[in-house]
């Protein structure tokens with residue numbers, strides 16, 4: 001076994017069970033382990049939305065129990081400039097961004113990685129992500145986590161092989177119940193804490209309430225694919241393709257009780273377009289165009305190849321053919337039609353267990 005005692009690892013302690021167990025596992029492997037708690041969001045009200053102080057207290061309790069020190073760092077300014085402003089501008093343009101992917105790219109594996117290496121003298125950083133790393137021919141590949149239910153490689157496709165080489169993912173080799181069991185055995189403060197859901201800076205609060213603070217709502221008509229106005233939306237930004245809940249419309253006068261789904265957004269005219277049935281042709285795509293490409297451990301593609309793709313987190317892999325259009329744009333053709341392919345979201349590509357990389361969905365291709 002290699003001697004890790006000279007290697008210093010800074011663990012991103014979120015106050016959750018995964019990072020807690022990651023710190024423990026690394027300590028068991030002999031590394032010098034130090035915790036770092038990142039504050040990425042400044043609350044502007046006194047409500048209970050943000051649990052940052054509770055998370056910090058949990059992280060501190062875990063570090064005390066494990067006998068490691070905990071540093072704190074405030075990245076709120078970097079987060080606002082590099083993640084949140086982009087998030088707002090995408091919503092304004094009628095797209096649906098994924099801020100967690102940008103947060104990993106700009107904060108956790110950039111600002112945090114740089115701070116850990118330069119200010120804290122780290123050899124590695126570690127996080128509680130459910131992914132694995134494999135080193136081949138001097139390059140680090142990103143692999144799916146062993147726990148298929150929890151695999152988070154979708155959120156990390158923007159990392160370079162250099163960033164992956166400086167990162168450790170201790171729980172990536174484990175199933176989630178196993179991780180909880182370790183935390184319970186050690187009696188860690190986070191052992192029974194539920195997994196955080198939703199976007200990091202919104203927490204558990206209602207998305208529409210949060211967004212309306214930053215972007216003025218602009219109501220407009222809800223129109224069927226046949227051109228009939230059947231309701232009013234409170235703002236296109238509150239809706240995403242494939243959405244069913246929160247439309248406030250019942251069956252049609254013809255009597256069909258099939259639920260309504262958002263099938264398109266006409267941003268120029270502020271119209272929300274809906275249809276009945278989750279397999280309506282307007283909801284289905286046969287492919288997509290992606291841009292802002294990033295390949296983890298391979299050169300940019302020059303010819304078509306076969307792989308699988310996910311167009312959203314926790315979706316089953318879709319077999320597809322990827323064809324380069326130019327240096328930063330590809331066409332992806334699915335083997336079968338796929339519902340709710342959403343511009344602004346990420347398309348992430350896989351070859352078996354290896355995450356190849358991905359890009360931002362620019363447009364969807366329909367029959």
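Keep in mind that glycine also has a Cβ here, set from the backbone N, Cα and C atoms.
Quantities reported herein were computed from a predicted structural model and do not represent experimental measurements.
Here Swiss-Prot flags 12, 13, 14, 15, 16, 17, 18, 19, 38, 128 as ATP binding site, drawing on sequence analysis. The secondary structure of residue 18 (ATP binding site), as reduced to three states from DSSP, is helical. Residue 18 (ATP binding site) has a Cβ environment of 24 other Cβ atoms inside 10 Å.
Marked as active site, nucleophile by Swiss-Prot: 103. All protein chains included, residue 103 (active site, nucleophile) registers 25 other Cβ atoms within 10 Å of its own Cβ.
The disulfide bond annotation in Swiss-Prot covers 103-200, and the record cites sequence analysis as its basis.
Sequence annotations record features per position, and here Swiss-Prot assigns site 'Interaction with tRNA' to 129 (among others) based on sequence analysis. Residues within less than 8 Å, Cβ to Cβ, of residue 129 (site 'Interaction with tRNA') and separated from it by at least 6 positions along the same chain comprise 18, 145, 152, 155, 156, 169, 171, 172.
Under the heading active site, cysteine persulfide intermediate, Swiss-Prot lists 200, citing sequence analysis as support.
Look at Swiss-Prot and you will find 345 (among others) tagged as site 'Interaction with tRNA'. If you take the C-beta of residue 345 (site 'Interaction with tRNA') and look for same-chain residues 6 or more apart in sequence within under 8 angstroms, you find 96, 97, 98, 311, 312, 360, 361. Under the three-state DSSP scheme, residue 345 (site 'Interaction with tRNA') falls in the coil class.
Separation of the C-alpha atoms of residue 38 (ATP binding site) and residue 103 (active site, nucleophile): 12 Å, rounded to the nearest whole number.
Distance between Cα atoms for residue 12 (ATP binding site) and residue 103 (active site, nucleophile): 13 Å, as a whole number. Set side by side, the binding-site residues 12, 16 differ in how many other CB atoms lie within 10 angstroms of their CB, and the most is found at 12. Counting only same-chain residues six or more apart in sequence, the Cβ atoms lying under 8 angstroms from the Cβ of residue 14 (ATP binding site) belong to 37, 38, 55, 59, 128, 196. Cα spacing between residue 103 (active site, nucleophile) and residue 16 (ATP binding site): 17 Å, rounded to the nearest whole number.
Under the three-state DSSP scheme, residue 38 (ATP binding site) falls in the strand class. Residue 129 (site 'Interaction with tRNA') falls within neither a helix nor a strand when secondary structure is assigned with DSSP, and so counts as coil.
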